[in-house]
Amino acid sequence: MNPNQKIITIGSVSLTIATVCFLMQIAILVTTVTLHFKQYECDSPASNQVMPCEPIIIERNITEIVYLNNTTIEKEICPKVVEYRNWSKPQCQITGFAPFSKDNSIRLSAGGDIWVTREPYVSCDHGKCYQFALGQGTTLDNKHSNDTIHDRIPHRTLLMNELGVPFHLGTRQVCIAWSSSSCHDGKAWLHVCITGDDKNATASFIYDGRLVDSIGSWSQNILRTQESECVCINGTCTVVMTDGSASGRADTRILFIEEGKIVHISPLSGSAQHVEECSCYPRYPGVRCICRDNWKGSNRPVVDINMEDYSIDSSYVCSGLVGDTPRNDDRSSNSNCRNPNNERGNQGVKGWAFDNGDDVWMGRTISKDLRSGYETFKVIGGWSTPNSKSQINRQVIVDSDNRSGYSGIFSVEGKSCINRCFYVELIRGRKQETRVWWTSNSIVVFCGTSGTYGTGSWPDGANINFMPI
């Protein structure tokens, strides 16, 4: 082969290779463009399928980057559609309660910057549970903690942390409040925050981080709310609020809120005489609350809320083993399901119970006179039979030698049923412990279980002599 033929042969081979490479690049480009614009259509409905009219909120939109021969292909991951909660699953059948969480706030305050709080509660969104409390605008090892036994000051704020995380200096202050309630409707958090003058307080309704609505005091006598979670069903949230005497007739109203906006207000009706600090839970299609009668009864009021027509009914827990403190001893206590028992009704403490068919699960202080100790049990017929007193499955949560305080319920949706959980406020400091000038709390949390369980006691556990004065 002469030199000219060699040159022609090499040129032909080079041209062929270049042509093949060019065609491969075109193929890669076409593939890239096709994949990019197709965007994995996430099971798009057929063109003739009717689409829902309600808005769809995209929780997150993740882009996954795949590298192929130095060519970048973007693949869209199907977004998760967030829906309102409806709580339509049945209630879990339980044998008792198992330990879930304890924040040890007071013990940690002996050597760290932890907020002074009271009125704690727990509420969950679809993924996590959070603890809330009303802060006093100060940490414990701080002179501002002196005399924090007072309930209503303008520096109190609603604190929010993931459950089990004590309220440290980095804790978020959700709103200004000396009375509050919070709940998640499936899309965002609603916070009801009350602050201001005793005779002219304001309730702010904060939804998804924005102030949406407000309402002023209607009886000019300490507007107040639940101090535990509200409940939302299909986008409508309900919260119980009271304004008026703490030891006489008061004006209780049930508010209905949609995305932070008040859409209806219903007055309390039924036989309950005095209603405060309700502990509410979803009982699809409605909401049920167990409350505090601070006037006439040591048996607890029941408020039933119809979420469809906004109607309200009220009565009292039937169990003759009553739930409030102070109360008569169990041999002489009574309840007829409809009326306050007029047994040591003045004063009281926030508490909880929930129905289980004809029976009732409940918690209360072990002491009938003081906020000391804490126990739970089931009363056979306690939801349907007047003055029923047959108690089973008793558990000690806090032994009688240690202090307790408020308690309340919260609900957690599982794969097949809705579980009931409760928290107990463990108060420390004044009035009882006069070595120190502050009043604060930690919490312990239990949840319903269908399994077996042991025994124990879970008090606050701080040595008051180790604490800042």
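Any Cβ shown, glycine's included, is placed from N, Cα and C.
Annotated features, as they stand in Swiss-Prot:
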COMPBIAS  333-342  compositional bias 'Low complexity'
CARBOHYD  Asn61  N-linked glycosylation site
CARBOHYD  Asn69  N-linked glycosylation site
CARBOHYD  Asn70  N-linked glycosylation site
CARBOHYD  Asn86  N-linked glycosylation site
CARBOHYD  Asn146  N-linked glycosylation site
CARBOHYD  Asn200  N-linked glycosylation site
CARBOHYD  Asn234  N-linked glycosylation site
CARBOHYD  Asn402  N-linked glycosylation site
REGION    11-33  region 'Involved in apical transport and lipid raft association'
TOPO_DOM  31-469  topological domain 'Virion surface'
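Spatially, by CA atoms, the glycosylation sites Asn86, Asn200, Asn234, Asn402 include one closest to Asn146 (N-linked glycosylation site), and that is Asn402.
Ranking the glycosylation sites Asn86, Asn200, Asn402 by the distance of their Cα atoms from the Cα of Asn234 (N-linked glycosylation site) places Asn86 first. When pLDDT values are averaged over the region 'Involved in apical transport and lipid raft association' (11-33), the model yields 67. Taking CA atoms as the reference points, Asn402 (N-linked glycosylation site) and Asn200 (N-linked glycosylation site) are 37 Å apart. The DSSP secondary structure for Asn86 (N-linked glycosylation site) is coil. Cβ neighbours within 10 Å of Asn200 (N-linked glycosylation site), excluding its own Cβ and spanning all shown chains: 11.
With DSSP classes pooled into helix, strand and coil, the tally for the compositional bias 'Low complexity' (333-342) is 0 helix, 0 strand, 10 coil.
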